[in-house]
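What TrEMBL says about this protein:
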type: ACT_SITE; residues: 38; note: active site
type: ACT_SITE; residues: 87; note: active site
type: DOMAIN; residues: 9-99; note: domain 'Peptidase S26'
type: DOMAIN; residues: 105-146; note: domain 'Peptidase S26'
């Protein structure tokens with residue numbers, strides 16, 4: 001009876017730990033492996049999960065869509081909601097944005113934002129698929145947590161001259 005009791009106790013603790021972990025991941029923070037070269041040099045380019053940077057994305061910003069220019073955000077791909085992208089937020093709803101290398105100025109619709117990778121030559125972002133709905137955003141990346149040489153808070157930076165007052 002003692003072994004059964006011990007196993008049952010361990011099982012309950014493990015179930016509670018899993019439920020707590022799922023709740024925290026769903027509501028507060030999540031950990032993501034960054035792959036690809038679109039955010040180089042901010043994140044290390046990698047072709048697979050084991051070689052890329054691991055980042056912490058907080059989800060509290062989603063409650064009232066509290067984002068700022070230059071935030072790095074985690075969002076679902078507009079054409080494939082199974083895929084997650086990490087890009088820099090450039091423009092917010094209602095703003096006018098100057099498209100890079102073009103005289104064209106575009107207004108960001110309400111409920112949408114404009115995102116771009118730091119490595120423009122290797123990024124599939126709003127320059128390809130346009131403004132994304134805010135509802136696709138899954139969190140704001142705040143820290144790099146792996147590799148140890150890069151552990152730290154992510155800096156918010158914004159390309160110059162992109163927001164227009166039209």
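Cβ coordinates are placed from backbone N, Cα and C, and glycine is handled just like the others.
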Exercise. In the domain 'Peptidase S26' (105-146), how many residues does DSSP put in helix, strand and coil?
Worked result: 10 helix, 20 strand, 12 coil
Seminar exercise, completed: Cα-Cα, residue 87 (active site) versus residue 38 (active site), nearest Å, comes out at 8
Seminar exercise, completed: Across every protein chain in view, the count of C-beta atoms other than its own within 10 A of the C-beta of residue 38 (active site) is 23
Problem set entry | residue 87 (active site), number of other Cβ atoms within 10 Å | 24
